[in-house]
Amino acid sequence: MRSRLNTLLFWGTFSSVTFQNAVLDRETTKIDELPSPRLYSETNVVMKGQNVSLFCSNENKSLQITYSLFRADKYLGTQSGTGEPVIFNVNISEAPDLGPYKCKAEVLQCVRYSREFNFTIVDPVTAPELSITVTQTETERHVTLLCISANGSLPISYTFFEKDVTISPAISKNRREPARFNFTKKNSGEEEEYRCEARNSLPNHTKYSLPVTVTSTGGGGCPFCLQLLLPGLLLLLMVTVLILALWILPKYKARKAMRDNVQRTAEDCREVGIYANVSNHQADGASVPGMEPRQCVCTAPDGKCSRHCPEAQGSALLWSEIQVVGPITPVPFLLPRGRRLPGDTLCHPHVPGGGTNRARSL
């Protein structure tokens with residue numbers, strides 16, 4: 001009886017050890033089949049300051065694997081998972097944050113490492129500017145579209161749209177220069193709206209220009225009439241001003257010279273247009289009643305003088321009034337000996353028909 005129990009105990013122990021060894025052999029086989037993990041991200045292009053996620057996974061979906069993330073030689077964290085990838089979140093704020101990153105997968109004493117992964121910082125594009133040049137004929141319209149983004153990491157791809165319909169392929173530019181797209185279409189006489197799109201390798205940062213509307217003048221229209229009209233009006237205005245200046249300036253100079261001449265004549269002509277009639281029968285120097293001296297008044301511009309001349313101090317002159325009309329001629333004025341009036345000459349009217357009318361001292 002006891003020998004039978006010993007036999008059963010022996011076979012039970014043997015079976016248990018055999019089973020454990022089989023399990024260990026199976027686990028060892030699985031570990032030997034553990035491949036290297038895979039480290040990846042949805043994008044390797046990021047903006048400065050952006051938060052991104054790194055995924056670490058393994059093809060072996062049955063083992064409980066411990067994953068660790070490193071940047072260069074710096075340990076960043078550990079997560080465990082079976083089947084599904086684990087996620088590590090990092091922030092890209094400066095150049096060292098770009099990498100390289102590595103993921104370590106560990107099961108028991110078996111360790112595997114992933115390949116290195118690096119990020120690249122890219123500046124996002126800004127809203128592009130669209131410019132349009134249109135040349136119209138009676139039946140066709142020749143359109144040139146130019147689009148450029150002032151900022152953003154190169155290369156930049158541009159695409160043109162008419163309203164919401166794409167009309168061009170993506171045009172890539174490795175230099176900071178506008179993308180050009182030319183096309184010809186029938187002149188429908190309707191307004192058309194265009195815009196362009198700019199994007200670089202940074203995902204989800206596409207920018208669009210403001211829409212530009214092109215107004216058609218219809219068949220036989222003149223698309224540049226307004227552009228030509230303004231320079232034409234300016235040229236006409238300049239010619240008009242020049243003609244007026246050439247026409248008015250000589251007249252203004254002549255009129256100014258006439259005014260200056262009249263002013264000089266008025267200054268020189270202190271005793272012009274004498275209203276006097278000298279009595280030949282009053283040799284004794286008696287004054288003629290009612291013939292008092294009067295102030296001279298001159299109207300020289302038309303060559304006529306009408307004045308009454310003042311009385312000379314201390315002289316015994318006799319005057320009577322006559323009106324003399326005619327060209328003015330300066331003549332000597334005779335005064336009693338030793339007495340003079342201001343000025344050396346007096347304007348004397350020239351009497352038509354010859355001769356002059358002169359005031360003499362008696």
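Start at 1 and count along the chain as shown; that gives each residue its number.
Keep in mind that glycine also has a Cβ here, set from the backbone N, Cα and C atoms.
All annotation found in TrEMBL is predicted automatically rather than curated by experts.
Annotated domain 'IL-40-like Ig' per TrEMBL: 45-107, 133-206, in sequence order. Under the heading signal peptide, TrEMBL lists 1-19. The transmembrane segment annotation in TrEMBL covers 228-249.
Residue counts for the domain 'IL-40-like Ig' (45-107) under DSSP, split into helix (H, G, I), strand (E, B) and coil, are 4 helix, 39 strand, 20 coil.
Sorting each residue of the domain 'IL-40-like Ig' (133-206) by its DSSP state yields 0 helix, 41 strand, 33 coil.
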